[in-house]
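A.B. asks: Quick one: structure below, then a few questions.
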Amino acid sequence: TMSERTPLLHYRLSASVNESDPQRVVQERGAAAGPAAPGPSRRRQSAQPQKLTTFFGVVIPTLLSMFSVVVFLRIGFVVGQAGLYQAIAMFLVAYLIISMTVLSVCAISTNGALDAGGAYYMISRAMGPEFGGSIGIMFFFANVCGSALFVLGLVEAIIDTFGIQADTAGVGGVRVLPSSYWWALLYGTGILLLCLLVCLVGAHIYAKATFLIFLIVIVVLATIFISFFAVGPHAVPLPQTHANSTVSYANFTGFKLSTLQGNLGPKYTVDYTTGTQMTFATVFAVMFNGCTGIMAGSNMSGDLKNPSYSIPRGTITAVIFTFIIYNLLNVLVACTCDFLLLQKDYSFLRDINLWHPFVTIGIYSSTLSAAMSNLIGASRILYALARDDLFGRVLSPAKRTSRSGNPWVAVLISWFLVQMVLFAGKLNTIAGIVTIFFLLVYAAVDLACLALEWASAPNFRPTFRYFTWYTCVLGIVGCMVMMFLINPIYASASIAFMLLLLLVIHYLSPNSSWGYISQALIFHQVRKYLLMLDVRKDHVKFWRPQILLMVANPRSSTHLISFINDIKKSGLYVLGHVELGDLETLPSDPLQSRYDSWLSLVDRLNIKAFVNLTLADSVRHGVQHLLFISGLVSKGGMRPNTLVLGFYDDCPPKDQLLERQTLSGSSLDILSSGMDPEEVTQFNFPALRGSSEGDGQAKVLLAEEYVAVIADAVKMLKNVALARYFCRFDRAEVLGRRGGLFVDVWPLNLMRPDSSSYVDTCSLFLLQLACVLNMVRAWRKAQLRLFLCVESGHSTRGPEEKLGQLLRKLRIKAAIHTVPWDSVVALHWHKQGGETRETGVQKAGREGLEEEGDFVNSFPSNATRLSDEYLRAANRLVLEQAFPPPAVRFLYLPRPPADTRLYQTYLHQLDVLTRDLGPTLLIHGVTPVTSTDL
């Protein structure tokens, strides 16, 4: 008897507690050692939620959800409308789709520990919060609508039984229960309240109830199969559509070949419950609801003893069992029942059974169980969504649970929404919506598994291996095709709603620690394409700047970082930093804790850059490390080709992170955008030299080492740019300037007045970078001004025409301005012929070179002979052409001298030449970067 089974059932449920909980294990061992006095520990033990085994937690809920309405109320409808051939085809297609999804569910569920939420938990942890959250909401609504569907199915069965009854004399009918719309809604509300009471108690009561229902359903199914053989042919009265209608009959013929032949082909007609014409798609939508229960066991993942073990085994067992039963019933129904009986009486199995109440009990039990299954599944999904805080305070009440861990608030919310859906009134009305929602969720599960498989992450190694990427693709394609076949409007609306949810969660939800499959997929694809990059196939036509910007302290460099982001032209951009130290003397790598601050800075400035930090004993060695190893491909396909350094001078650094200045291309102002000064401290950058916190700090880089870094980069065939006065560069103010925006380019080497070449590699590189800046959207309104230095004794027309012709060939639009500089050149040659006021460093350098026999016009020797007076004159020449003032200047940077003793002289000359010029880039190019060919 059931009273004898109940203690055994309670023991089996109690014994399935999660043994991985140490506190629980200790409590159980203490209880086994002897009786414990009642107290807090015993109360905590009784409050622990009871866990379910594979059979009770997965097999039974899945079987009952899949049997529910279709097996008792719609199996004849499917065969009567579609015929046996199409009915079997429908079940094959449906089970092919769900089998692909089951394989994906099994793979994901065996790849790690599962928690409450079922399919939502799997998808969110695999695909990230945006996709998982949107699908979780869709799955929640699918379960809500599914619960309403089964409640309506039960109401329909009750009305068929106790509503309008056929009179045996054929003279009318007797109204036992009112059967109007509002009465049906009342019956559905009462049934739903019963489901609510069971779900409020908890999963263990639900498991007990479903086990009892499972036994009833199995017995009823056995009587149905027996009835096909034991009951003889007879006429079956058809349901009446209203009280005064005439009674009509259809035949149960028993096994007859003519009956089978009459049921082989389709006979689509009007559904007598809704009055709509049936088609393959509408019949499939109703039939597919018998397959949507495959997630019933997965929804209970938080209540299972071992989800990774139970879900695959229990789900596959239930799917195979239901597939066999459905197809056997299809064949038996087609062989024994007239098609009119199948089309006009959905509860005909009751009328042909050995004892009519058997089927009625089965219908009531299975549909009630399916309704409870979907209701409790919806509550678990809602609870998981609330616990993950994807929607903030909107779902926060759903986090509340009882002492036993039952999310009673989520149950109440789910119950309320199911009650709202019940207003639809007819089972077939919402069957299409439920099917669409479930198909979308199944496609998402397949997509999650496909993404994990394609990402090839080493940690994706599920113990269930009977799946491949093409089973996932087949599942996705099958689900999407069937969605649009069933109802294109509902399918399109559901996908649009899912995408809207995805965007909302993307912008509103906090960052999660679940991991993002998109990152793994991007890495996989990027790696594949990077391996295809080959420096041997590079061509100057496709050259682009790939920049390594060395940053000593980001606090004083944000303006420069934002500006360099503008001239990268979709190329590689790396922020480099050298931390002085010796790893051998340190307990751990100090750089690992710094990356978060640097990446936060990249996000804050809204730039597209990588960050590369290194630890070295000197800045020079650190820059060498970065130039050697920075980039993404050892072949050289994505490695920096340009080194950018801040200028070496004595300007006091300013903390630009605390200034009320726009920092990036998105017009982000630290203070006006809501970023208060306290928030800046999150970057964890050291204090600046000269600030109150940084008093006593000295430069860690000497002048000779700075020039050596430039020389090293040139030796490594890297272009070099020195940025000066970008502490005065305000990007928002410059780009918003009304009086015109100008970029000045001086392609002549002002430190070699004896040279008048405008077309060497360095000059062309200068032009290229200026043109790249002008191609950026924010800088397109800027005008390039190209300054041509000429001597009055020579014709200016020839050089200007040649330069203009070169610009046209290079497709560079610039205004050419001729600048007479006779007085500056004359000053230089006058000083070369007479006495020169030289500093001690200059004199020592010159004498050293002359002793070595260098020619006076060679670059190093000539550089030593440049006087400060000439350099100041060249500086004034540049300043005199600054009307209107340019946003930035591009100047020619000569190659560092070969003699290291001249490094200080070289740096001094650069300082004098560029003093007070405003934001200036001194640029030295070593590789061809322009092309006039197609």
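Cβ coordinates are placed from backbone N, Cα and C, and glycine is handled just like the others.
Model, not experiment: these values are computed from the prediction.
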A.B. asks: Scan 135-159, 460-484 against TrEMBL and say which stretch is down as transmembrane segment.
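C.D. replies: My reading of TrEMBL: the transmembrane segment range is 135-159.
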A.B. asks: Under TrEMBL, the annotation transmembrane segment belongs to which of these stretches: 52-75, 772-795?
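C.D. replies: When 52-75, 772-795 are checked in TrEMBL, transmembrane segment belongs to 52-75.
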A.B. asks: Select from 278-297, 498-517, 698-717 the stretch of residues annotated by TrEMBL as transmembrane segment.
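C.D. replies: Within the set 278-297, 498-517, 698-717, TrEMBL attaches transmembrane segment to 278-297.
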A.B. asks: As a test: from 87-114, 135-159, 181-203, 430-452, pick the stretch that has the greatest number of Cβ pairs under 8 Å with the transmembrane segment (361-386).
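C.D. replies: Stretch with the highest Cβ contact count: 135-159.
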A.B. asks: Quick test of the contact rule: Cβ under 8 Å, at least six residues beyond the ends. What residues does that give for the transmembrane segment (135-159)?
C.D. replies: 68-69, 72-73, 117-120, 123-124, 127, 177, 179, 184, 187-188, 191-192, 195, 273, 289, 292, 295, 299, 346-347, 360, 363-364, 367-368, 370-372, 374-375, 377-378, 381-382, 384-385, 390, 414, 417-418, 421-422, 424-427, 430-431, 433-434, 437-438, 440-441, 444, 494, 497-498, 501
A.B. asks: Going by DSSP, how much of the domain 'SLC12A transporter C-terminal' (559-650) is helix, how much is strand and how much is coil, in residues?
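C.D. replies: Counting residues per DSSP class in the domain 'SLC12A transporter C-terminal' (559-650), I get 33 helix, 20 strand, 39 coil.
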A.B. asks: Count, for each of 181-203, 278-297, 318-341, 407-424, the Cβ pairs lying under 8 Å from the transmembrane segment (430-452), and report the range with the highest count.
C.D. replies: 278-297
A.B. asks: Mark yes when the transmembrane segment (210-231) and the transmembrane segment (407-424) have three or more Cβ pairs under 8 Å (sequence separation 6 or more) and no when they do not.
C.D. replies: no
A.B. asks: Mind checking which residues of the chain, 6+ beyond the ends of the transmembrane segment (210-231), have their Cβ under 8 Å from one of its Cβ atoms?
C.D. replies: 2, 9, 56, 60-61, 63-64, 67, 71, 252, 254-255, 325, 328-329, 332, 336, 349, 352-355, 358-359, 361-362, 365-366, 368-369, 372-373
